[in-house]
Amino acid sequence: MRVLSARFRVLLACLALVIPVSETNFLSKERASQVLVRKRRANTLFEETMKGNLERECIEELCNKEEAREVFENNPETDYFYPKYLGCLGAFRVGSFHAARQSANAYPDLRSCVKAISDQCDPIPCNEDGYLACQDGQAAFTCFCKPGWQGDRCQYDVNECKDPSNVNGGCSQICDNTPGSYHCSCKRGFAMLPNKKDCKDLDECALKPSVCGTAVCKNIPGDFECECPDGYRYDPSSKSCKDVDECSENMCAQLCVNFPGGYSCYCDGKKGFKLAQDQKSCEGIPVCLSLDLDKNYELLYLAEQFAGVVLYLKFRLPDITRFSAEFDFRTYDSEGIILYAESLDHSNWLLIALRDGKIEVQFKNEFSTQITTGGNVINNGIWNMVSVEELDDSVSIKIAKEAVMNINKLGSLFKPTDGFLDTKIYFAGLPRKVESALIKPINPRLDGCIRGWNLMKQGALGAKEIIEGKQNKHCFLNVEKGSYYPGSGIAQFSIDYNNVTNAEGWQMNVTLNIRPSTGTGVMLALVSGGTVPFALSLVDSRSGTSQDIVVFVENSVVARLEAVSLCSDQQSQLKCNVNRNGLELWTPLRKDVIYSKDLQRQLAVLDKAMKRTVATYLGGIPDISFSATPVNAFYSGCMEVNINGVQLDLDEAISKHKDIRAHSCPSVRKIQKNF
C-alpha cells in the first residue's frame, strides 16, 4: 500500500509539470480554428476586382496560399513565399517562443519578417564583386553593375583590353585585364609615362655605362646590345669581345688561317689552285694564253740540268781516228758549254763553248794549251750548223760550212793507247770539278738545242736512244728570246739591296717584261725565314678576262692595279720602285694605282725585314707555309727581270728549277682557222 501511494505521488508530480507546458505550446480550440477562418475584409465590395496587396492581404490580415497567389500572381514566387510566411506567423502571431523567433531571423515584428520574404534582393542575388546595387522587383530583381562588370547578376568581368572601340585598352604596349578593371604595363626595357598608358624606352647604355665592359653598348628599343668588331663575339661572363675561330667552322675549302678579328682562306697554288671569288672555295688556275709547247725528240735540250752534264758518251775507236763534232745549234744564250771531251786519264781535253755569242775553243794536249774565240755571233735564235774538226796540225771551226777559225796545234788532241783512241764526251757541262783546269773560266750553263749531231764520224750512235724517251731532254720546236717559267718552279738569287750612296738605306727598283700564260702567280718575292715581306704577283681579276697586279707586304695588299689585259702575244712592261719611305707601281697600260691607306705602317714592316737577310725568288716562293702570302701559285709564262739596273741572268742564279728556260720562251700557239 505504501508502495502504491509513493508511485501515485510521482505521477501527480509529472502531470503538474506537463500541464503548464501544454498550455504554452497549444492554442485554445477557438484560437486554433481562427487560422482556417477568413475574416471579413474591408472593401469587400471591390475585393475580387483588385490586385492582391501583400500589406493588406497577409500582414493586416491573415492570408491563405490562394490569397498569397493573388499577391504574387505566379506559382514559383508563391511557393517560395508561403512556407516562410507561416514561419513568420508562428513567430509573431501565435506567441513569442524564443526558438520561433530565431527561425524568423529575429525580425523585430511580423511586418518586417513578411516584407523580407518577398524581397528578391535579400539575400543579394548579384555577384558581390561586380554589383553596385540591387533593385527588388515583383518576381524579379535588377543588378546594377560597377564599371568593368556585366551580366544580369554582374557576374562577368568586362575585358577592356579587347574592346574594339578602345584598342588594347589604349595601352601602347601591354594591357593587363583585372576583375572589374585593367591597367597598362611596359615591356622590359621601357618605363611607364605619367599618363599610365604610354611607355618610354630606357637607355641602358646611359644608365649603366659599364654594362658591356670593353665592348660597345648600343641602345635598341626595349633593350641594349653589346657590340664587337667583325670577327669577335661578345662574352657575357667576362664582358669583353672574344675572337671568333672561324676556321673551326670549316669555312675554307683547303687551308684556313685564323687571326684576331678574322680569318683567311688559302688554296695550294703550287698544285694549280687559286682562291675563288667567294674567298672560301678553290678553283683551278686557268690558262689565259696558250703557248706552243710542242717538242721534238730529235732536239737535245742542253739546259736540262741546272748543274751537271746533260748527256755523256764514250767512244773507243781505232787509233787513227781524229776528233770531230758536227751539229746544228740554236740558242739565244750568250755563254755556256756545248760539249767537253777528254781522254780516259783526264790529261787531254777539249772544250767547245759559246762566249759573247761566239764559238770558243779551249784545249790542252801533251804539247800545249790553247784558247780561241771568234767567228760570227750565233746566239740569234736560228739554227746554225757548227763543225769542229781536228786536222793534222790544226783545229778547224766552221759555221754553216764556212771556216771561221783555224787553230794551230802540235800533235794529236787525244793520244791513243794500245791501238785505240778512247774519248769521253760530255754535253752542256763539265765532269767533276774541272773548272779550275780551264784556261779561262766560263759559266757552263747553256740554254740551247742541238740536232743532227755527228760525233767522231759515228753519227748519232748512242745518243738518239738515250734522249728519245725522255721528254725533259727535248727542245721546244718554236721559241722566242726571253725566260720561260713553266709554272712548276722558282729561281733564287742573292741580291744586296743596300745602297750606301742613298739616304734611304736600301732601294729596290724592279722592271719586268712579262707575257703570262696564266693570270695568277708570284712574279717576284723576297723571303725572310718563313715570311714573305714583299711579293709582286698577278691575280685574275673578277671579270675573268683581265689581271690585277698586286703588291703584298706579308698578308697585306699595299698596291693594286686592276683590270690590266696582260695575256696577249705582246710583252707588257711593269715597274715597281720601293724603299722604306714610299712605293710606286707603274705600267703604261694603266695609271690608276690603288695604294693602301696604311702604306707607311706596312712599309715599316718591309723596312725591318730588309735590314735582315732576304732571298730573292723569281716565279714563285719556296716551300714555306702557303699562308705566308695570299698568292703562292707559280708564275707561268715569259718574264725578264731587271733589278736596280742589272738584268738578271737565270744562268747566274743560286738555284733554278730544271724546267725554267733561262733564255728561250715558247712562242704563242697560233690558232688555225678552218675555212
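Backbone N, Cα and C atoms are what each Cβ position is placed from, and that goes for glycine too.
These numbers come from a predicted model, not from an experiment.
Looking at the candidates Cys252, Cys256, Cys282, Swiss-Prot gives Cys282 as the cysteine bonded to Cys267 by a disulfide.
Swiss-Prot lists region 'Thrombin-sensitive' for one of the ranges 88-116, 291-319, 610-638, namely 88-116. According to Swiss-Prot, the cysteine that forms a disulfide bond with Cys205, out of Cys186, Cys217, Cys226, is Cys217.
Disulfide connectivity taken from Swiss-Prot links Cys252 to one of Cys226, Cys228, Cys265, namely Cys265. Cys126 is paired in Swiss-Prot with Cys143, the candidate among Cys121, Cys143 named as its disulfide partner.
Of all the disulfide-bonded residues listed (Cys126, Cys205), Cys205 has the fewest other CB atoms within 10 A of its CB. Glu77 (4-carboxyglutamate) carries a helical DSSP state (H, G or I). Other Cβ atoms within 10 Å of the Cβ of Cys449 (disulfide bond) number 24 in total over all chains. Every protein chain shown contributes to the tally, and the Cβ of Cys247 (disulfide bond) ends up with 16 other Cβ atoms within 10 Å. In this structure, Glu66 (4-carboxyglutamate) is part of a helix by DSSP. Sorting each residue of the domain 'EGF-like 1' (117-155) by its DSSP state yields 1 helix, 15 strand, 23 coil. For Cys265 (disulfide bond), the number of other Cβ atoms no farther than 10 Å from its own Cβ, over all displayed protein chains, is 22. Looking at Cys126 (disulfide bond) and Cys154 (disulfide bond), their Cα atoms lie 6 Å from each other. Looking only at Cα atoms, Glu57 (4-carboxyglutamate) sits nearest to Cys217 among the disulfide-bonded residues Cys217, Cys265, Cys475.
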